[in-house]
Amino acid sequence: MGALTSPRKVVVLGSTGSIGLSTLSLFEESGAPVQILALTAGRNVERLIEQARRWKPSLAVIEDESRLDDLRAGLAGTGVEAAAGADAVRDAAAMGADWVMSAIVGAAGLAPTVAAARTGAVIALANKESLVCAGPALLAIAKAAGGSVIPVDSEHSAIFQVLQSECAHRVSRLILTASGGPFRTWDKAAMARATPEQAIAHPNWSMGAKISVDSATMMNKGLEMIEASYLFATPEDRVDVVIHPQSVIHSLVEYVDGSTLAQLGPPDMRAPIACAFAWPDRLPWPAPRLDLAAYGQLTFESPDVERFPAIGIAREALRLGGGAPAAMNAANEVAVAAFLDRRIGFLDIAGAVAGTLERMNSLGDLSVAESDAVETAMLIDGSARRIAAEVVAQKRQRA
């Protein structure tokens, strides 16, 4: 894509969540040339109505079918078509946009992201679960359709900007930074008593509840390791994690000659969204500027894998390959939901994920045929959720 002149046709999947809000905020502040074709949301019909009235998309979709009448009433007289359900979300993704923001949380984002990739659109990928569950297949689908996948996670956006594709064979390590989350300095006894309210209080980033809990367990970083391995064709043993509490350095690329390149910036998700929207151009907008003197110092430490076992679980899933990452992700979604519902403790989350992965591996349920990788990933997702629910129930009985 060259200079940003003519309007780009845009679909925002998950427009009412944190990333969706940041995307529309960026468009508002930058005056980016966009024509919104569709906005989709899960349950927040009030916010979706507000967005649709502002941006006048052709279509607004609420996944919760029970809210369709509310959506229609809220959009009466606007000319915006209202629809509901998972199929309608997939239809919105496949409308033929130039650029699709994939920001639906969880494995629910996989099918719409694949549908968008089949159209040849540029996929701005914030839904990390799509890559974790079916990364190689998703990337192949996008490439075959003439499209591309540009990561929106700040860590992968950093690597994307720093890593020159023609130099990929000269890379020795990818280094993902992690804030350490709200429990970075807590001991295990304190973590065992952690409440959902404490877990979602991220020190640097404004995120939804599920992603905030993933940051607290460091499963977020485990998922991102898998993403990085797939996105940048890098083996698991060459993807490292370092704790960087200030969240200023977003990731680093170490080359074989010992040189290390990093991308820096204030912790604001609109920056990687702007990169994904304009690449290889740059989008002028009133971005927060980095004042290194104000920070004074940037600090780093190794992750404590004993207190935060999720990183090791993710490495094991990546080593197992096949459907193991999809199973791990599904189990994590079930366990996090149980924690947010106060059915299990914070430290039970990683145990439930590890237990599910072990059971599925012992049953031989993790093999994936390349020809139907996406469909198989969805089946594995369902199986893992059922097993994870059993594991969670057992942990609750023992509590």
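Numbering starts at 1 and runs along the chain as it is shown here.
Glycine residues also receive a Cβ, built from the backbone N, Cα and C atoms like all the rest.
A quick note: this is a predicted structure, and the numbers were derived from the prediction, not measured.
There are 23 other CB atoms within 10 A of the CB of Thr16 (NADPH binding site), with all protein chains counted. As annotated by Swiss-Prot, NADPH binding site applies to Thr16, Gly17, Ser18, Ile19, Gly42, Arg43, Asn44, Asn127, Glu129, Gly208.
The 1-deoxy-D-xylulose 5-phosphate binding site annotation in Swiss-Prot covers Lys128, Ser154, Glu155, Ser179, His202, Ser215, Asn220, Lys221, Glu224 and is backed by sequence analysis. Sequence-distant neighbours of Glu224 (1-deoxy-D-xylulose 5-phosphate binding site) (same chain, six or more apart, CB under 8 Å from its CB) are Lys128, Asp153, Glu155, His156, Leu176, listed in sequence order.
The Mn(2+) binding site annotation in Swiss-Prot covers Asp153, Glu155, Glu224.
Between the CA atoms of Thr16 (NADPH binding site) and His202 (1-deoxy-D-xylulose 5-phosphate binding site) there is a gap of 20 Å. The C-beta environment of Asn220 (1-deoxy-D-xylulose 5-phosphate binding site), restricted to residues of the same chain at least 6 apart in sequence and closer than 8 Å, consists of Ala178, Ile211, Asp214. Each residue contributes its Cα atom, and for Glu129 (NADPH binding site) and His202 (1-deoxy-D-xylulose 5-phosphate binding site) those atoms are 20 Å apart.
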